[in-house]
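Visitor: Right, I'll just put the structure down here and ask away after.
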């Protein structure tokens with residue numbers, strides 16, 4: 001008998017067959033014939049149910065091994081259990097073969113240490129005793145169970161079957177295009193604001209630099225700001241390589257432009273609210289007589305084309321609260337570390353060094369106050385973490401969906417169809433040009449055209465029927481008038 005793919009569709013006979021397959025066939029009569037355990041009831045069983053009346057399984061080894069098998073079964077049907085109203089994230093650990101007191105709050109490192117200790121034990125896997133019978137099945141071997149549990153505790157990067165991973169990962173290119181457009185519009189607004197605040201920069205003779213603990217104790221390094229931008233370029237190149245190799249690059253681009261654009265839009269507000277004095281006496285900052293509005297637009301276009309970088313010949317003053325360079329460095333660093341495998345310690349260390357040294361170079365060049373850099377790093381990192389915490393947690397997204405619509409409408413729009421974490425899978429971009437992909441896109445396009453044709457045809461038929469009825473009405477009235485005459 002072939003088992004249905006979903007355990008919720010199993011009958012008592014299917015459950016009995018599954019128990020036989022994993023080596024617990026002797027309990028088939030107790031669970032299925034006596035207590036009528038079907039697939040749905042099987043998913044709800046816990047270790048406590050196995051030990052307590054009315055089941056009261058007395059063999060401790062069988063209780064533990066069967067509890068582990070039930071746990072793995074629940075992991076494979078996490079989506080079904082969530083829809084039933086029993087979230088796996090909080091309930092499934094009850095089935096682990098460890099003390100129940102540690103089931104809810106056991107740290108990952110501690111749980112991983114227990115599992116690794118079990119892996120180092122002398123498990124032959126060829127003989128497991130249960131009620132005097134021998135079982136040689138692969139799924140009941142300790143190596144298999146430990147591997148799957150270890151996989152759950154430390155999910156491998158890039159495996160979409162891990163708990164919490166998203167099941168719907170449509171690229172949604174239209175939303176990504178809107179995200180890029182939003183970012184471009186924000187950068188244009190930022191350039192205009194930078195021109196405006198430069199006209200409002202305080203007089204350096206009347207308003208000297210403010211006291212700053214870091215700037216007052218670190219000597220000026222003239223070439224430091226150029227090194228900061230070199231660090232940013234290295235991070236940008238690394239991020240582009242990640243996007244090229246990542247399978248879900250469209251989703252990553254959408255998130256990057258949405259988050260970065262939002263932080264820079266907030267920066268426009270803070271720049272306009274308060275104008276701080278120039279942080280370094282070596283800087284040549286004074287209001288510029290731009291003249292008419294077209295001269296200001298031309299200067300804003302120059303800043304926008306040069307990406308606000310000094311190596312591109314862009315020099316601005318007054319845009320201190322908060323540091324745009326720190327925002328860029330921090331966002332690039334966080335996105336690289338989030339969407340690359342955890343085992344790439346060298347890459348993550350390298351990006352963090354570039355981020356921190358870039359911040360140091362900004363301060364050493366006297367381009368910003370320490371508070372500018374601190375606020376920029378804090379806002380960028382908190383915005384990134386808050387966004388991804390909501391995006392990766394279905395429960396939080398469901399609970400805070402109304403609040404997110406008010407305070408972060410872009411999140412509600414861009415992440416509406418993503419129901420979990422984006423797995424770190426890697427695929428070269430030209431694989432989308434394969435024959436199978438082209439056929440898939442052709443089928444989607446044909447389906448869209450068919451729906452459009454049906455809609456247009458239905459509308460035309462309805463209009464034709466209405467025209468015919470309008471034409472027939474006067475004819476009928478005319479005949480009736482003749483009969484009367």
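Positions of Cβ are set from backbone N, Cα and C atoms, glycine also.
On a predicted model such as this, the values are computed, not experimentally measured, just so you know.
The domain 'SAM' annotation in TrEMBL covers 10-76. Residues or ranges marked as transmembrane segment by TrEMBL: 177-197, 220-244, 256-278, 320-337, 344-363, 369-387.
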Visitor: If I count Cβ-Cβ pairs under 8 A between the transmembrane segment (220-244) and each of 177-197, 256-278, 320-337, 344-363, 369-387, which range comes out on top?
Guide: 344-363
Visitor: If I count Cβ-Cβ pairs under 8 A between the transmembrane segment (369-387) and each of 177-197, 256-278, 320-337, 344-363, which range comes out on top?
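Guide: Per the Cβ count, the answer is 320-337.
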Visitor: What are the DSSP helix, strand and coil residue counts for the domain 'SAM' (10-76)?
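Guide: Counting residues by DSSP class gives 48 helix, 0 strand, 19 coil.
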Visitor: Could you please provide the mean pLDDT value for the domain 'SAM' (10-76)?
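Guide: Mean pLDDT, the domain 'SAM' (10-76): 85.
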